[in-house]
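**Q** Features from TrEMBL:
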- A:THR65, A:PRO66, A:ALA67, A:GLY68, A:GLU69, A:GLY70, A:LYS71, A:SER72: ATP binding site (BINDING)
Protein chains: 2
Amino acid sequence: MKTDIQIAQEADLKPIEEIAEKLDLQRDDWEPYGRTKAKISDHLIEKLKHKKDGKIILVTSINPTPAGEGKSTVTVGLGQALNKIGKHTVIALREPSLGPVMGLKGGAAGGGYSQVLPMEDINLHFTGDIHAITTANNALAAMIDNHIHRGNALNIDPRKIEWKRVMDMNDRALREIVVGLGGPLQGIPREDGFNITVSSEIMAILCLATSLKDLKARLAKIVIGYTYDDEPVTVKDLEVEGALTLLLKEAFKPNLVQTIENTPAIIHGGPFANIAHGCNSIMATKTAAKLGDYVVTEAGFGADLGAEKFLNIKTRAGSFEPDAVVIVATIRALKMHGGLKKNQLTVEDLDALANGMENLEKHIETIEKFGLPYVIAINKFPTDTDREIEYVEKWCEERQIDVALADVWAKGGDGGILLAEKIVQKIDTDNKNFTYLYDLNMSLEEKIKTIAQQVYGAADIQLSAKAKKQLKAFTSRGWDQLPICMAKTQYSLSDNPNLLGRPKDFTITIRELSPSIGAGFIVVLTGEMLTMPGLPKKPAALNMDVTDDGKAVGLF
Amino acid sequence: MKTDIQIAQEADLKPIEEIAEKLDLQRDDWEPYGRTKAKISDHLIEKLKHKKDGKIILVTSINPTPAGEGKSTVTVGLGQALNKIGKHTVIALREPSLGPVMGLKGGAAGGGYSQVLPMEDINLHFTGDIHAITTANNALAAMIDNHIHRGNALNIDPRKIEWKRVMDMNDRALREIVVGLGGPLQGIPREDGFNITVSSEIMAILCLATSLKDLKARLAKIVIGYTYDDEPVTVKDLEVEGALTLLLKEAFKPNLVQTIENTPAIIHGGPFANIAHGCNSIMATKTAAKLGDYVVTEAGFGADLGAEKFLNIKTRAGSFEPDAVVIVATIRALKMHGGLKKNQLTVEDLDALANGMENLEKHIETIEKFGLPYVIAINKFPTDTDREIEYVEKWCEERQIDVALADVWAKGGDGGILLAEKIVQKIDTDNKNFTYLYDLNMSLEEKIKTIAQQVYGAADIQLSAKAKKQLKAFTSRGWDQLPICMAKTQYSLSDNPNLLGRPKDFTITIRELSPSIGAGFIVVLTGEMLTMPGLPKKPAALNMDVTDDGKAVGLF
């Protein structure tokens with residue numbers, strides 16, 4: 001079987017100007033980055049404001065398992081399939097982080113015959129967006145330490161600096177560090193640490209800003225820490241929002257590439273889906289909606305995290321609504337939710353499958369609560385048996401739920417025609433009745449409880465002493481009007497990663513809150529969140545290489 | 001008076017494809033990065049190997065002073081002037097580091113009407129080369145700490161790791177840090193520190209490699225530290241040279257831009273000129289020589305550092321020779337070398353000027369030792385008086401030295417016509433007799449002494465106890481066959497930055513040696529070298545901004 005990179009390198013990529021022409025982009029609307037990548041002007045949405053937006057299809061999934069759900073692959077495959085059935089479609093995806101590429105993953109841009117290309121570039125430096133975010137983040141960090149070193153006019157308490165430096169790398173040795181050592185010329189010694197870039201609030205901001213002006217306003221609002229009197233200190237206080245915006249002005253422009261079947265794809269932004277909202281940028285989604293009659297986009301992890309935040313945070317910030325949802329499941333992952341181990345998945349097991357359906361069932365209920373039409377996509381794996389597939393199809397039919405087998409890894413767009421037809425029909429015939437799950441005027445605690453009960457199926461929430469104290473402080477600062485960004489394990493509907501399927505009668509423990517005032521949400525932590533991954537014993541990097549004529553090896 | 005950024009933003013930039021066409025580049029030879037930047041294939045030199053190389057003109061200067069010499073401005077202005085007199089010329093320059101741009105400098109891409117454009121991009125992220133170097137450098141650092149954390153099969157002594165992490169930022173708080181804190185899951189606690197990216201050995205390697213294959217071979221040779229038994233540990237031992245090369249494969253391609261007068265300029269690589277060799281990449285210079293009949297290129301700091309290393313290190317690694325040298329001086333800086341303070345320079349002072357000439361005289365002698373023809377360029381400032389300029393011209397004429405006033409900041413190429421004519425005549429009529437200053441077979445100590453005596457005018461060198469021990473160890477490891485990369489203050493010919501003019505009877509103290517085996521030289525430190533700058537009290541970033549329609553503000 002061919003690897004992703006082999007399939008990618010054999011693909012017939014069109015010059016990016018052909019893709020741009022197909023989208024009716026004028027020369028001023030875009031800039032090339034190499035022969036097969038481009039940036040689209042951040043003014044295009046404004047320029048095309050009188051043009052009707054395309055229909056937005058959100059792809060989400062059941063809770064992820066080590067078996068893999070292939071949400072990105074289905075997103076790409078569905079986009080290709082829609083084009084095959086004559087629907088002019090643009091895909092909107094997140095940018096992969098380089099850290100995990102060098103560590104475990106080796107690459108992340110769809111798979112098989114449903115990939116975005118050039119996959120080597122997308123997986124490495126791409127158009128430099130994440131590097132720009134790293135730079136802006138660390139420029140701010142340097143300005144903070146310099147401010148303190150140079151007299152600390154703002155009275156910043158070095159023990160209460162919340163702003164961490166970042167790196168787009170898996171580097172556990174940087175999780176907890178002490179900086180400023182070496183005497184009076186080297187700054188102020190203090191405890192610090194690095195996060196991975198994609199967890200930076202600046203990444204979340206870039207993805208939620210709707211214009212360069214909005215970007216600057218959001219950057220200004222970032223709370224970097226507190227004074228000795230516990231007053232929040234912002235970027236505006238440090239007067240560097242202009243410089244940070246300048247550093248981000250190119251990164252703010254959405255990137256245009258193509259899929260293996262030359263379907264246009266906009267890949268832009270990639271915030272964490274636990275401590276941030278896990279969706280590609282509003283600029284990407286809205287640009288795609290201006291350029292396509294249909295947009296296929298995705299949100300990170302399962303519907304309990306990515307879709308919930310897409311629908312409660314991203315659509316609010318961007319003032320738009322999706323038109324339909326695809327919920328991706330695989331037979332393998334459903335069987336894991338039904339109790340099987342990873343090494344048992346290649347054998348047919350209808351009982352495990354039946355048990356695992358309850359995980360899908362919960363996510364279906366969640367999407368229904370948002371008032372959105374949906375179709376279930378079974379992402380086909382070679383080990384799926386006909387009886388297993390029939391079981392899921394029948395389960396759906398009994399409940400009058402639309403379902404389609406998608407074989408897009410192996411067949412590209414051709415493998416997603418049925419899914420494409422069903423989703424188009426769904427959009428054409430169903431009356432959507434989109435509603436946010438909570439009102440912004442509710443208290444922070446009520447909002448958290450709503451998500452825990454309505455989306456996770458929890459009985460209740462429990463607040464730590466620290467969280468209670470923070471709720472009070474945040475409310476007194478007026479931060480209670482913001483939406484919630486839950487940081488919870490992606491593996492379970494609960495806050496215990498080992499509880500697969502559909503856990504019942506559980507409590508969600510709220511450990512701590514963290515204000516992302518620039519991004520415009522309150523992060524609610526339900527457990528330890530790793531914001532700087534480590535490398536495995538044999539990092540993927542050990543297999544990477546480049547031939548003398550510049551061809552990438554070892555990305556997959 | 002207009003600022004650099006105002007002049008830049010009013011310039012009439014040509015689309016980069018027009019510049020590429022003017023250079024006879026075929027579509028496969030280059031890739032656009034935006035509308036006015038491009039990358040040139042690293043295979044072009046090989047493809048054009050039968051084409052005769054253009055004449056290479058090296059621009060160097062007297063010892064820099066706070067008054068400014070404007071070496072980059074003269075380089076750009078001379079390139080423009082050569083094109084004006086009908087000589088098809090390509091400029092080759094270094095890429096600026098973002099750290100100092102955000103800190104003190106606010107920008108570095110020539111000045112006035114002798115700038116390279118788009119100056120905003122060049123000063124910010126450009127085509128991402130420096131970010132790629134940061135990433136490769138830090139991927140290696142993460143692999144080292146991960147290796148130790150995962151069992152340390154190579155027996156690396158954590159106290160003897162020489163490989164530092166880097167950031168393209170002025171951030172003094174990162175100079176001395178402790179990493180790996182937080183318990184057994186967070187790695188091994190150890191002392192560490194960040195350097196600024198441009199001081200990374202990987203930057204030096206990228207600038208000295210002659211092919212992707214050579215790049216990989218050099219990366220493999222990097223010594224990252226030592227085992228408990230004091231054996232060097234290399235990148236090859238860690239098996240990551242392939243991944244590092246992959247991360248650098250796009251950064252390795254030279255960047256094409258244009259000057260304000262649309263002269264083609266290749267801007268690529270920017271290693272420190274103290275702990276590294278301070279020149280743009282060999283790929284840039286050799287590509288420029290394939291594309292132009294004349295190449296104007298520069299080396300960092302004064303002729304004692306940049307030119308010496310250009311001639312002893314870069315030309316050796318690249319197997320090429322320059323054809324002539326321009327030595328840049330300003331009346332202001334000569335007067336500082338003659339004893340004036342910075343605030344006294346606007347008043348005519350022929351005595352100070354006469355005293356300061358000895359600094360220029362020493363650099364002239366150095367270039368003569370290399371057997372190269374040269375012309376002195378007086379880079380004009382508005383405060384220069386006619387009598388001061390006449391004095392320098394007469395001083396040169398008495399010694400039969402070619403000299404030309406260059407008014408390129410204010411007049412662009414028109415201000416450099418005389419300089420251009422003189423340098424062309426020099427190349428056409430003088431028999432150059434280029435010779436390296438030392439033979440590689442000499443001992444490290446003899447090589448250091450040769451540079452100190454022949455280039456700096458020192459009476460002798462003095463080795464610290466540590467340096468003596470290192471000389472012995474390096475020799476026993478076979479590293480004594482490498483050239484020397486002196487790390488010395490740029491402000492003085494001596495190792496004391498306060499000794500301006502032409503100090504006499506001084507000794508150069510060799511404090512320490514550092515092996516850059518991948519770059520292929522031994523760094524010799526004569527004092528404390530700051531490899532991570534700090535920010536000033538009012539960083540340039542505070543004045544930076546971007547308008548709502550994306551126009552940069554505050555770069556100069």
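For all residues, glycine too, the Cβ spot is worked out from N, Cα and C.
Each of the listed features needs to be described in terms of its position in the shown structure.
**A** If you draw a 10 Å sphere around the CB of A:GLU69 (ATP binding site), it holds 24 other CB atoms from the protein chains shown.
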**Q** Across all the protein chains here, work out how many other Cβ atoms are within 10 Å of the Cβ of A:GLY68 (ATP binding site).
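**A** By my count, 14.
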**Q** Using a 10 Å cut-off on Cβ-Cβ distances across all protein chains shown, tell me which of the binding-site residues (A:PRO66, A:GLY70) has the largest neighbour count.
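**A** Counting Cβ neighbours within 10 Å, the top one is A:GLY70.
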**Q** For a quick check of packing: other C-beta atoms within 10 Å of the C-beta of A:LYS71 (ATP binding site), how many?
**A** 26
**Q** Applying a 10 Å Cβ distance cut-off over all chains shown, what neighbour count does A:THR65 (ATP binding site) have?
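**A** If we count other Cβ atoms within 10 Å of A:THR65 (ATP binding site), we arrive at 23.
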**Q** Please report the three-state DSSP label of A:GLU69 (ATP binding site).
**A** coil
